[in-house]
């Protein structure tokens with residue numbers, strides 16, 4: 001579908017952040033969250049620039065091995081339904097885990113050996129990380145965890161982890177309306193409906209822009225309508241003036257034998 005191309009539909013790999021997050025001092029002291037954060041790291045990106053590894057360095061995320069399962073919500077491209085407020089109790093009890101991998105290499109991931117009982121996709125959101133800023137679906141690890149927290153009613157936790165990134169506040173600014181919409185939903189089905197409504201809105205806006213652009217092109221092809229009307233009015237006025245001049249020119253007129261005024265032949 002055309003919409004898939006325009007909005008880059010489809011779940012991303014949550015984590016790919018090559019050539020992005022540089023090794024820079026972190027002024028925010030690590031705050032111990034009340035829930036577990038974890039990742040399966042497949043080393044697809046530069047360790048010095050990976051948001052997942054940075055969270056591990058500051059002590060707020062741990063690594064899982066292939067073969068280990070996770071009891072909380074697992075945000076993964078292998079999920080079948082989106083995370084929703086209905087998953088709040090699972091997040092609060094078991095935490096959140098992500099798959100740190102490249103979408104281009106997702107076929108290499110042994111999904112049967114990782115994951116858990118509560119595997120979830122993320123609904124439509126916009127990335128604000130340095131590599132994929134402004135791109136739909138292309139969230140990295142920390143954005144994926146933050147999105148999961150926001151949707152399940154814990155934006156405070158999301159802000160705590162994004163505070164470790166210079167661009168973190170942009171995630172809330174860019175996605176504010178969507179995050180509020182998703183957080184107000186009831187379950188995965190409701191999330192799916194709201195996402196579809198949002199996608200339809202984007203599609204309509206796209207079609208409206210195309211219609212406006214086509215209308216402008218048609219105007220230039222047809223010529224300036226105001227100018228064309230002006231030309232026609234000018235021609236009509238000239239014809240009227242010629243007629244009036246003819247009527248007032250006595251050399252062009254004579255009187256016939258019945259007394260009628262007629263044009264000379």
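A Cβ is built for glycine as well, from the same backbone N, Cα and C atoms used for every other residue.
Since this is a predicted model, take the numbers as computed values, not measurements.
Here's what TrEMBL has on this protein:
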{"type": "REGION", "residues": "1-27", "note": "region 'Disordered'"}
{"type": "COMPBIAS", "residues": "15-27", "note": "compositional bias 'Basic and acidic residues'"}
{"type": "DOMAIN", "residues": "36-69", "note": "domain 'RNase L inhibitor RLI-like possible metal-binding'"}
{"type": "BINDING", "residues": "51, 99, 122, 137", "note": "S-adenosyl-L-methionine binding site"}
{"type": "DOMAIN", "residues": "73-199", "note": "domain '16S/18S rRNA aminocarboxypropyltransferase Tsr3 C-terminal'"}
{"type": "REGION", "residues": "206-265", "note": "region 'Disordered'"}
{"type": "COMPBIAS", "residues": "232-250", "note": "compositional bias 'Acidic residues'"}
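With DSSP states grouped into helix (H, G, I), strand (E, B) and coil, the domain '16S/18S rRNA aminocarboxypropyltransferase Tsr3 C-terminal' (73-199) comes out at 66 helix, 18 strand, 43 coil.
Mean per-residue pLDDT, taken over the domain 'RNase L inhibitor RLI-like possible metal-binding' (36-69), amounts to 90. Residue counts for the domain 'RNase L inhibitor RLI-like possible metal-binding' (36-69) under DSSP, helix first, then strand, then coil, are 10 helix, 8 strand, 16 coil. Other C-beta atoms found within 10 angstroms of the C-beta of residue 99 (S-adenosyl-L-methionine binding site) number 27, with every protein chain shown included.
Counted over all residue pairs in 51, 99, 122, 137, the record's binders of S-adenosyl-L-methionine, the longest Cα to Cα distance measures 18 angstrom. When Cβ atoms from all protein chains are considered, those within 10 Å of residue 51 (S-adenosyl-L-methionine binding site) total 32, not counting its own.
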